[in-house]
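Participant: Annotation source TrEMBL lists region 'Disordered' at A:1-48. Taken from TrEMBL, the feature domain 'Casparian strip membrane protein' applies to A:70-216. The feature transmembrane segment is assigned by TrEMBL to A:75-95, A:115-141, A:153-180, A:206-228.
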Amino acid sequence: MSGSDTSGSVHVDGHGHGHGKASSSYDGAGAPAPAPAPFQGHRKAGSGSSDVPFLLRSGGSGGDGLRRCLGLIDFVLRVAAFGPTLAAAISIGTSDERLSVFTNYFQFRARFDDFPAFEFFIVANAIAAGYMVLSLPFSAATIMSSKATGVKLLLLICDTIMVGLLTAAASAAAAMVYVAHEGNLRANWVPICLQFHGFCQRTSGAVIASFLAVFVLMVLIVMAAFTMPRRTHHTAS
Amino acid sequence: MEAGEEIEDGEPSTPTYKAHHHPPHLPPPMRSSGVSLVLSVADLVLRFVAIGGTAGSAIAMATTSETLPFAAPFVRFRAEYSDLPTLMFFVVASSVVCAYLVLSLPASVVHVVRPGARSSRAILAFLDTVMLALLTASASAAAAIVYLAHRGSARANWLGICQQFTSFCQRITASLVGSFAAAVVLVALVFLSALSLARRA
């Protein structure tokens, strides 16, 4: 129980788990030294030399705890954005409604593949859901090392592409849903939602979920832009 | 580390370079290095391109109006962009993005002159992302409606109106091109901002 604080001057304790060398490199080192040491300190309970929680450690530069906190939020938001995209793709993919009315001239069945906009919506949401899952290890890598500029830049670029793709799919589906709800007087388009209630509810809910995922992605981009670490080509002094 | 030591001597000091850890061969901080100058100038040029794209597509869509020469008692034979609310949204959103790009030109010029301005670059990247989302949403919603106008939908018994209104359809299809090109340019602008933020200065 050394009662160490976040100022970087950590003293080795008599309970000697060999943390001495790792802890004394706190004083001026960059990222790799603090990164393994906090983990060891966190897991071995009562080890004494570092019982500061993971988020509050400060490594090389000040404000590192804030950066780790934002990195964790980034990770959680990626997991959170995976849900709506997958749910939207699945719910439109399984939308199929048949009416019990029957005439000679009108077909009373609605499915997603009658509308190419919904097909595009399913594909784009599936791509976005897969991207969210695949970007989780990269996001974890940016938490571990605070100088990972290249990974963070790659994530920001791919997030921007995903925002464009997902927004395009969600708004094309939203345009179809709007026409299905309201119809159009000039073009003589009858609103089909008057008959197909379940189909319309499903597609509307899926579009809303997709826009939620777009909003989460934009928050991720903003966080990455504001906490982008500088790439240092040569160390100071 | 060195900031405290150099003041101890009695001689006049030039603290700026040493205190900011600049080795002596780098230029003073006000001038930008080659790559970040290229990035900032490319940002400015791409903004002009995007202004052209959005303005062109908004104007092309807003000046559509076609009247067919014959008349019938139940069907109206005049097509305008305001008959389809999605196209109205497209014109409004394109105009908003165009106005934003014009207003962000001074900020981009400031970034050419002062490459060290990180917060304003981050804010500009955030606003670029918001405008990208708005432009992509309006362009792809209009694309869905234009597709319906061309093909119709067999299931929903919606007829494609392009069979009668050919020049109206050509115009609204062509105005989508400028808008999608401007969206790609906005993506490139966000990339450039991210690259500039990740550089050292």
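Every residue gets a Cβ built from N, Cα and C, even glycine.
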Participant: Below 8 angstroms Cβ to Cβ, which residues of this chain, lying six or more residues outside the transmembrane segment (A:75-95), approach it?
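Facilitator: Residues 110-112, 118, 121-122, 125-126, 128-129, 132-133, 135-136, 139-140, 143, 166, 173, 198-199, 202-203, 205-207, 209-210, 212-213, 216-217, 219-220 contact the transmembrane segment (A:75-95) from elsewhere in the chain.
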Participant: Go ahead and report the DSSP secondary structure tallies for the domain 'Casparian strip membrane protein' (A:70-216): helix first, then strand, then coil.
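Facilitator: The counts are 112 helix, 8 strand, 27 coil.
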Participant: Apart from its near flanks, which chain residues at least 6 from the ends of the transmembrane segment (A:206-228) lie with a Cβ under 8 angstroms of it?
Facilitator: 67, 70-71, 73-74, 77-78, 80-81, 84-85, 87-89, 91-92, 121, 125, 128, 149, 152-153, 155-156, 159-160, 162-163, 166-167, 169-170, 173-174, 177
